[in-house]
Amino acid sequence: MAERNSEPSVQERAGRPFPVSWDQFHRDCRALTWRLNEVGPFQAVIAITRGGLVPAAIVARELGLRVIDTVCVASYDHDKQGDLKVLKGISEQTAKLGGGTGKGLLIVDDLVDTGKTGRLVRQLLPDAHFATVYAKPKGRPLVDTYITEVSQDTWIYFPWDTALSFQPPIRDGAA
Ligand SMILES: O=P(O)(O)OC[C@H]1O[C@H](OP(=O)(O)OP(=O)(O)O)[C@H](O)[C@@H]1O
Ligand SMILES: Nc1nc2[nH]cnc2c(=O)[nH]1
Ligand SMILES: [Mg+2]
């Protein structure tokens, strides 16, 4: 455990590891886009950084959208959830496209967990459509469209945060 204080991290509380490969992530983003294609059209995609950047690029490609903006937030320092900070909002140009309330805009993030990030962005753009690839139960009510629900005690490992490594055989105690 990387000790910054004695509290278990969010990741440690979420005992079940759920590793996602690039292939799987790409497939899940395409599945998400099939659903979004029924809901649109959208004027622009807004990625919640940083995790939302990867699914936003894939979804924008599949929907033929070229206007992509970001809401830059920071809440987790690796696996410790701290205060949520909005480091950058959407541009004036994107705000105009959404009529000030986000109508016709598509917000994309990789996941909702507690819903803290999603709630904040929904407050900024109440009429936008909010899509995530994965959803945990606490955050799920905030999302309009998602693909896979995982339990609250799951920790999702994204391909951009991981690398291939040796695993001991299951017989020898591998998880
Ligand atoms: O529903 P919540 O409990 O708010 O958690 C979900 C958020 O946590 C992660 O982002 P993080 O803050 O770790 O930053 P990152 O996207 O830069 O990795 C994830 O990408 C979501 O944006
Ligand atoms: N990588 C990752 N980041 C998160 N932030 C909040 N929950 C999670 C999770 O399950 N995985
Ligand atoms: Mg994020």
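Positions of Cβ are set from backbone N, Cα and C atoms, glycine also.
Annotations in TrEMBL come from automatic prediction, not curation.
Note that the coordinates shown come from a computational prediction; the quantities given were computed from them, not determined experimentally.
Cβ neighbours of ARG50 (5-phospho-alpha-D-ribose 1-diphosphate binding site) (same chain, under 8 Å, six or more residues apart in sequence): none. Taken residue by residue with DSSP, ARG50 (5-phospho-alpha-D-ribose 1-diphosphate binding site) is part of neither helix nor strand, so it is coil. Taken from TrEMBL, the feature 5-phospho-alpha-D-ribose 1-diphosphate binding site covers ARG50, GLY51, ASP109, ASP110, LEU111, VAL112, ASP113, THR114, GLY115, LYS116, THR117.
Secondary structure from DSSP puts ASP110 (Mg(2+) binding site) in a beta strand. For ASP110 (Mg(2+) binding site), the same-chain residues 6+ apart in sequence whose C-beta sits under 8 angstroms from its C-beta are GLY51, GLY52, VAL54, PRO55, THR132, VAL133, TYR134, ILE156, PHE158. The feature Mg(2+) binding site is assigned by TrEMBL to ASP110.
The annotation guanine binding site is assigned in TrEMBL to ASP113, ILE156. Around the Cβ of ASP113 (5-phospho-alpha-D-ribose 1-diphosphate binding site), a 10 Å sphere holds 24 further Cβ atoms from the protein chains shown.
Note: the domain 'Phosphoribosyltransferase' (21-166) comprises 50 helix, 49 strand, 47 coil (DSSP; helix = H, G, I, strand = E, B). Sequence annotations record features per position, and here TrEMBL assigns domain 'Phosphoribosyltransferase' to 21-166.
Only ASP109, ASP110, GLY115, in sequence order, out of the binding-site residues ASP109, ASP110, GLY115, ILE156 have a CB under 6 Å from ligand 1. There are 18 other Cβ atoms within 10 Å of the Cβ belonging to GLY115 (5-phospho-alpha-D-ribose 1-diphosphate binding site). For ligand 2, the binding-site residues lying close by, meaning a CB under 6 A from one of its atoms, are ASP113; the full candidate list was ASP109, ASP113, THR117.
Cβ neighbours within 10 Å of LEU111 (5-phospho-alpha-D-ribose 1-diphosphate binding site), excluding its own Cβ and spanning all shown chains: 23. Sequence-distant contacts of ASP109 (5-phospho-alpha-D-ribose 1-diphosphate binding site), defined by Cβ-Cβ distance under 8 angstroms and a gap of at least six in the same chain, are ALA47, ILE48, GLY51, GLY52, PRO55, THR117, GLY118, VAL121, PHE130, ALA131, THR132.
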